[in-house]
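Below you'll find the structure, written out as structure tokens, and then a few comments.
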Amino acid sequence: MNMALSRGLRCCQRVFSWIPVLIITAVVLWSYYAYVFELCLSNFNLTIWIVVLAVTLKNPLEKVAYLLVFHVCFVMFSWTYWKSIFTPPATPCKKFQLSYSDKQRYEMEERPDAQKQVLVEIAKKLPIFTRAQSGAIRFCDRCQVLKPDRCHHCSVCETCVLKMDHHCPWVNNCVGFSNYKFFLLFLSYSMLYCIFIAATVFKYFLKFWVGELPNGPAKFHVLFLMFVALMFFVSLMFLFGYHCWLVAKNRSTLEAFSAPVFVGGPDRNGFNVGIRKNLQQVFGEERRLWFIPVVTSQGNGHYFPLKNRTSESHNPLLANEDMWDESDDGSEEGSLVEDQDPSVTIEMEE
């Protein structure tokens, strides 16, 4: 009975979690209708795709220019929003999970200290530099993985997410290593979409407001379109500015509120390797691809250069991928370049 109730609640939670996405989608679809059909194409007489006259926009070239730019903004907004929603969160690879043999060793040990020592031996093979607040190596008891640097467990997605920034209800997804670039582009193209609408609608907004244009359905849509575009632009501007600051400092939202802890203690700038390299970690080295929602981020999300260890020999963001070939036999592949202190303990985290 309890299991059935729990499943029902989880099902309801999944359904309700899509409500913010549906709200955004409905607002965007309405804005498309209002801008294209009420502002640009209302009362059109079409002759082989050429617009002749309309109630609002009276210059055919102006209409064509508005529609072209509008559709570019709309397509880029929709593309980045789609990628932000449907890109699965990146999770730790098998090297950070307990292998079959390690799990057997772990379960056979009855004493907690002995179990911790098993996990310490596993951690020696991995490029882990961050610690829990207590100074212990971070371990997720739910996912049964040693957490890579900047990785956190999302209670909504019910998994550990690489370089987790936050769980965003407006995309119904975790924003992390796999889709952080898409999320930033989504914010930027949302702002561009809103400011373009507000800028091009403004003069017709004034004409409707002072009564120079006749009353009708278009009047309501144009007035409301102006208010909605400005409202969303202001809110997005602050959010986008905050994330630009985070990228420049190479911090996630979680790290901005709680500084990552290293062997030497907490350090908010532990991953800050300079603005240029910070940008390249998120957007890649090919600048022509920065504004296109395709995967260009550096590395694989399991390890990151440190402020005081930027050389590849200490923390290889772009090291040979062969060292990360996943195997199930618990071999020593992908062992950490530096041995960690075996006295470090493991902390079980929920």
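For all residues, glycine too, the Cβ spot is worked out from N, Cα and C.
For reference, TrEMBL has these:
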{"type": "COMPBIAS", "residues": "322-350", "note": "compositional bias 'Acidic residues'"}
{"type": "DOMAIN", "residues": "137-257", "note": "domain 'Palmitoyltransferase DHHC'"}
{"type": "REGION", "residues": "320-350", "note": "region 'Disordered'"}
{"type": "TRANSMEM", "residues": "15-35", "note": "transmembrane segment"}
{"type": "TRANSMEM", "residues": "41-57", "note": "transmembrane segment"}
{"type": "TRANSMEM", "residues": "64-82", "note": "transmembrane segment"}
{"type": "TRANSMEM", "residues": "182-206", "note": "transmembrane segment"}
{"type": "TRANSMEM", "residues": "218-242", "note": "transmembrane segment"}
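Here the transmembrane segment (218-242) has long-range neighbours at 27, 31, 33-35, 38-39, 42, 55-56, 184, 187-188, 190-191, 194-195, 197-198, 201-202, 204-205, 208-209, meaning same-chain residues at least 6 beyond its ends whose C-beta is under 8 angstroms from one of its own.
Tertiary proximity for the transmembrane segment (15-35) is limited to same-chain residues at least six positions away from its ends with a CB under 8 Å from its CB atoms, namely 70, 74, 77-78, 81, 85, 156, 169-172, 197, 201, 221-222, 224-225, 228-229. Nonlocal intrachain contacts for the transmembrane segment (182-206), taken as residues 6+ away from its ends with a CB within less than 8 angstroms of a stretch CB, comprise 31, 35, 39, 56-57, 66, 69-70, 73-74, 76-77, 80-81, 83-84, 87, 165, 168, 171, 175, 213, 222-223, 225-226, 229-230, 232-233, 236-237, 239-240, 243, 247, 282, 291, 293. Residue counts for the domain 'Palmitoyltransferase DHHC' (137-257) under DSSP, split into helix (H, G, I), strand (E, B) and coil, are 69 helix, 18 strand, 34 coil.
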